[in-house]
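Taken straight from TrEMBL:
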- 114-286: domain 'Mur ligase central' (DOMAIN)
- Ser143, Glu212, His240: Mg(2+) binding site (BINDING)
- Arg359, Asp377: ATP binding site (BINDING)
Amino acid sequence: MWFLALKFPNPPIPIPIPIPIPISSSLGLHFSTPPLISQILSSIQIKNIPMAEGGSMESAAGRYQSTLDALSSLITKKSRADKSNKGDRYDLLFDYLKILELDEAISQLKIIHVAGTKGKGSTCTFAESILRNYGFRTGLFTSPHLIDVRERFRLDGLEISEEKFLEYFWWCYDRLKEKTNDDVPMPTYFRFLALLAFKIFAAEQVDVAILEVGLGGRFDATNVVKKPIVCGISSLGYDHMEILGNTLGEIAGEKAGIFKHEIPAFTVPQPDEAVHVLEEKASKLNINLQVAHPLDANLLNGLKLALEGEHQYLNAGLAVALCSTWLQRTGHPIINFNQTGPLPEPFIKGLTTASLQGRAQIVPDIESPGNLVFYLDGAHSPESMEACARWFSLCTRDDNHLSNLNYQPQQHMDEGSKKDTAQILLFNCMSVRDPQLLLPRLMRTCASHGVCFQKALFVPNISVYHKVGSQALPTVDPQVDLSWQFGLQRAWESLMQSDKGVEPSNTDQACEEVKDDTGMRVTSFKNSSVFSSLPSAIKWLRDTAQKDRFVCFQVLVTGSLHLIGDVLRLIKK
């Protein structure tokens, strides 16, 4: 059934129309009307609002879930940047732009485009915060999301409202559904999200759009942009090698695919192999590729970066270079800008107030205050795992960060006594990752800083890759396949034993399998446990913290942004 939604109330009021009415492709009415009625109709939008069974309008939650189901239908197992099929028919993106009439709108956007292996999300977040503090209306597109898909689309620093998301989603989805066919099929999941981002930013008339590449660069959906204002390449490393190549040079070549003719481009200090390829690609496009060095902390006027970790100074330096170039090229040059004195105030405020979930994030557990703290970082490459380990080690050795969280580690202790700490690892990674590259970097970097994990917990993610989830947690599968988690556990036990000079052949001994209070399996070795669900692992951590009130348990959660999102849903419920 069609509904009339009056624009002037907020939110709009849907009015059911019990008789069919002719509707043109532009949603205009095709019958003669008196002048007064015409004025009323000019204030009316016609929307096809999903209906629940029985003909009643869906609830708000139901409409949102219907939208997520429609989005989930676009998920495929095909790669977004597969060399064997030339980017999975990359040219289709330009057909979609024509269907959505977005070509001209994109050309009007003043875009900052950022690719890279590590730090591109943080760089984009810093850049958005800086330019927002200059008073510009900002649009930020990042990936992946942790809890809600709307996190990917930020307007003026806030994720898009549910109302606007639904409006723009169905505007794009319905038009594509109507115009696509066997030759031009519906766009895949990430491509649709990128198209949706362009629609949102154009319709919302943002002053600047900051786009984080999803994967690679050359064949990424964000790369339909023809003339960005400036481009950036964050730190490069070994990730998605099955798609981007097995060498840093090959990976750099894919990332450099976002470079455009004579458009300024920046990168951070890179390994020689990567730098050579980046410079070669830039030279062919008549670009003088510039290197942005790590930000000098003295330029922040005594303040600290909002995002934790020493590696963030590298990302902040790139963000400063991108923003200063964007300001200059859009007619807003910075007066007396130099690298010796403090940064301009909007830069300092932007860098010291930026916010990004799941990257070097510290969350005290609300059910075990003072006894259980989660340290969340979505590291999933060898290099980022090492940076994560350094951050965690420094945090757990230094209690200063706890005061920023109103967290009192000694609140259950007698005056003058000090609470002991114990470090625990909560880990999972996707099966395309190599745990033999990730886990040794993590364990040995922590050990070099004097941090040793008392226990490592391996869990499956709750989120599934074929369905977009909502705030609600999905039902745990009691028959979940744990073979990957057992492989992670064996790798960890071998590492622990080899570190102690013990032959790793004994890793299958002294195994204990029990069931927790909910009937879920827990398989334990001396140094590790495999839990058959994340909720049961969280429950074990909370129970352990409650039993030993004289110890603060510091839990590093890493290996997968999907895992980070699932943990945040559970501990923030």
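Keep in mind that glycine also has a Cβ here, set from the backbone N, Cα and C atoms.
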#### Entry: Averaged pLDDT, computed only over the residues in the domain 'Mur ligase central' (114-286)
95
### Query
Reported as an integer number of Å, what is the Cα distance between Glu212 (Mg(2+) binding site) and Arg359 (ATP binding site)?
15
### Query
In angstrom units, rounded to an integer, how far apart are the Cα atoms of Asp377 (ATP binding site) and Ser143 (Mg(2+) binding site)?
15
### Task
Show which residues of the chain containing Ser143 (Mg(2+) binding site), separated from it by at least 6 in sequence, have their CB under 8 Å from its CB.
Gly121, Arg152, Phe190, Leu193, Glu212, Gly214
### Task
Measure the Cβ-based neighbour count of Asp377 (ATP binding site), defined as the other Cβ atoms within 10 Å of its Cβ.
25
### Summary
Counting across all protein chains, other CB atoms within 10 angstroms of the CB of Glu212 (Mg(2+) binding site) number 25
